[in-house]
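TrEMBL has this to say about the protein:
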DOMAIN    36-88  domain 'Kazal-like'
DOMAIN    111-158  domain 'Kazal-like'
DOMAIN    184-231  domain 'Kazal-like'
DOMAIN    249-302  domain 'Kazal-like'
DOMAIN    303-338  domain 'Kazal-like'
């Protein structure tokens, strides 16, 4: 007697996004298959099936079942990008003086502690900057996700290698072991998924990845809109200015500055100002029309003002100027003590103990009294 194995009918059925193939039998031995959406998602405790997942479009779901259900309902092809949150640092609370960092294995950790002794033991680092001590250098390296090491003990000299080359605003200077300086791009981007669609029409996992790609290719890029490219009326629209995003409003593409929430996840931007979160920084760039980008996570460093006082930030300096009704502006970035014994040539300015020529001239509005 020969037994014929029944063929699995699901092999010949192609289901849509999120759908699952279900086999049914009519009682007469006839087997059929059809595609269905998940009707409910059960909780299996600590199993992988009930663990949070991050989709390829940057959405967090309670489980893979919830992701499939949403994909099925919207007919949108979603897949699992990561197990766990898209941004492990989201809603992760760190103590004052530390910031949340996502490690290579996607763990959220509170790092970059600012608990450094304020003794003066200057070091010249491989980024061409002078730090008051090795601890402060390590904090800066941590916040920038960059390898910054001691180049030599003591303050950087005026002819340090980083003063001999000019790097673009997308690059940073790095002094190599042989003593020569190079301009290099962002070395590390955290494995988080906050997709953005860039003006070049490509989707990037996050803004850091976009900026690194732009730097590597030496082609400037900017965010067109948040979320992946290729969906909705904004997919083929390129009428927005840099820093504006495209919004689908009643089926029409509209250019707007991004709306931001009040979540506190401070970033230090290229303008030396600390913003409550990355979105608030982009909003400022959009409203002012200036190119502003994130330098590192956390609060910007101290500044020395024209009244000879070191302030925690530019904001604190402006507050003091307003309260005292005095004309107080930034003398240089860093502690006032770092430039107290440094004499610069005419036209040069001291920053963190180093004399250099101004790289740019601020708008007159920026120098007005608050």
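One-based numbering along the chain as shown.
Yeah, the Cβs are placed from backbone N, Cα and C, and that goes for glycine too.
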Do you know the DSSP helix, strand and coil residue counts for the domain 'Kazal-like' (303-338)? 14 helix, 9 strand, 13 coil
Whether the domain 'Kazal-like' (249-302) meets the domain 'Kazal-like' (36-88): three or more C-beta pairs under 8 angstroms: no
Might you confirm whether the domain 'Kazal-like' (184-231) is in contact with the domain 'Kazal-like' (36-88), defined here as three or more C-beta pairs under 8 A between residues 6 or more apart in sequence? yes
How do the residues of the domain 'Kazal-like' (184-231) split into helix, strand and coil according to DSSP? 11 helix, 10 strand, 27 coil
Helix, strand and coil counts within the domain 'Kazal-like' (249-302) (DSSP): 11 helix, 15 strand, 28 coil
Reported mean pLDDT - the domain 'Kazal-like' (36-88): 88
